[in-house]
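Heads up: the structure comes next, in structure tokens.
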Amino acid sequence: MTETTGASPLAPEWLAVPADLNALHAPMWAAGVERNDGGELAIDGIPVSELKAQFGSPLFVMSETDFRARARAFKDAFDAAFEDICGGVDVYYAGKSFLCTAVASWVAEEGLRLDTCSGGELAVAARAGIDGANLGLHGNNKSDAEINRALDMKLGRIVVDSLDELERVAKIASARGEVAKVMLRLTPGVHAHTHEFIATAHEDQKFGLSMAGDSTEEAGLSAAEEAVAAATSYDSIELLGLHCHIGSQIFEPEGFALAAEKLLVFLAAMQSKYSIVLPELDLGGGYGIAYTPVDTPRPAAEIAQAMAAVVRSSCAGLGIKAPRISIEPGRAIVGSSTFTLYETGTLKTVRVDAPAGADGAENVTFPRRYVSVDGGMSDNARPVLYDADYSAVLASRTSLAEPQLSRVVGKHCESGDIVVRDVYLPADVAAGDLLAVPGTGAYCWALSSNYNYLARPGVVAVRGGTARWIVRGETEEDLLNRDMGVANV
Ligand SMILES: *Cc1c(COP(=O)(O)O)cnc(C)c1O
């Protein structure tokens, strides 16, 4: 790291001192977020102080415009890249990343479909009026009730995760005198993570049917092939095709391309061996977004073209008609549409020994400032769960103060309750300031909890200069609603 004023040896290697602490690094923020003439962060012209006054904090602030634009961009980019291969692509928004009825309806209006993975998510889709034909159901442990619900709603596809489940779906559909539309989730042994991907023959995880040759009792037959053979033997199953999902927060297209190639080779082999046609192939989600300035997401068009090139050449090489391709982005559509607004409270500075090997830092301590906010791990569990990095800016005003290495922490009774592990904030941040953490649209509200009896924050959607609740924040009354009371003790 180059020496800059304010640079701390306690900062991780990747974190540079920003040239301007008040600047917004565009890839991390939703369209329409900028500083207004007074220096305050605003979305569609609405200053954060106004959002705080009207809706309180912590608060998820989502740009509906940005969400819709990213959804549409994925659909358009993949349609264009795959037009000549399979007539376009079906894009399933991964509802688990963030779902409510408003978002489900935007997804449908932008021409996307919706992936669910529980009865509860199906209930949201039903309440939003989404046509069952445009829904998929995932999950490694679907209950009979969930399978029945999927059949009641005439789902476009049930993505079957195991041999055990295939049999159950077949039985339930048969008892109803119906035919279930099924995809098989395979594990191609390709794992992608951020800037690398690794390929392994064997799978040691709960999801999916292994493609490795000796993965079942029947020597030489993979679980994936056994499932194809079984699926084609049931009258109550219509086997649409194959599915894989290789990971999340992936930046490089190579992992997706390798998985596509492996699945196409397998698809071609199954078609000729069992004299069947598998008309669909789903390549999952996992496209990365910018949480910090060092994350470099690729435009949807670039990923689409790289994947299209592999599908085109693989199908030509195998001499098969290309299946209809589908994908399942979640984070890449909703992640950057949202920031979390917090109010700062307690501030504290500790002195920390320099990390071993830091230049000229022996026996010297350095300050780290803890900036507490009014939420924490209950509204963003990802730092605790995955060591996820985030960034933050002072939102209520600009500041010309020196950069100070800071750690944004929550108010929970856990020392691991960190929102942003390392960020340079202006040294004059004070109690009562507002902070904004970008990139919190995916897997934050969705994973939120009531730990320490904090009310879960609501989500405000902003469009055309107007802000409205799409999910209201919880109240103290909500917190006590399911408590049966002392009279029942
Ligand atoms: C989680 C998940 C997705 C979405 O992943 P993102 O990283 O949000 O794009 C898609 N498909 C499946 C099967 C998943 O489990």
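Cβ atoms are placed via backbone N, Cα and C, with glycine included.
Where the annotation comes from TrEMBL, it is an automatic prediction and has not been curated.
Going by TrEMBL, these are the annotated features:
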- 68-334: domain 'Orn/DAP/Arg decarboxylase 2 N-terminal' (DOMAIN)
- K96: N6-(pyridoxal phosphate)lysine (MOD_RES)
- G286, E328, P329, G330, R331, Y443: pyridoxal 5'-phosphate binding site (BINDING)
- R331, R382, Y386, E414, Y443: substrate binding site (BINDING)
- 368-441: domain 'Orn/DAP/Arg decarboxylase 2 C-terminal' (DOMAIN)
- C413: active site, proton donor (ACT_SITE)
One of the recorded positions K96, G286, P329, R331, Y443 has its Cα closest to the Cα of Y386 (substrate binding site), namely Y443
Hits among G286, E328, P329, R331, R382, i.e. binding-site residues with CB under 6 Å from ligand 1, come out as G286, E328, P329, R331
Here the recorded positions are K96, R382, C413, and the Cα closest to that of G330 (pyridoxal 5'-phosphate binding site) is found at K96
Out of the binding-site residues E328, E414, the residue with the smallest number of other Cβ atoms within 10 Å is E414
The sparsest Cβ environment within 10 Å, among the recorded positions K96, R331, is found at K96
Span of the recorded substrate site, as the biggest CA-CA distance among R331, R382, Y386, E414, Y443 in Å, is 27
For pyridoxal 5'-phosphate, residues beyond G286, E328, P329, G330, R331, Y443 with C-beta within 8 angstroms of the site's Cβ centre include exactly A94, S97, S248, G285, Y287, A332, I333, G335, A442
If you count the other CB atoms within 10 A of the CB of C413 (active site, proton donor), including all protein chains displayed, you should get 8
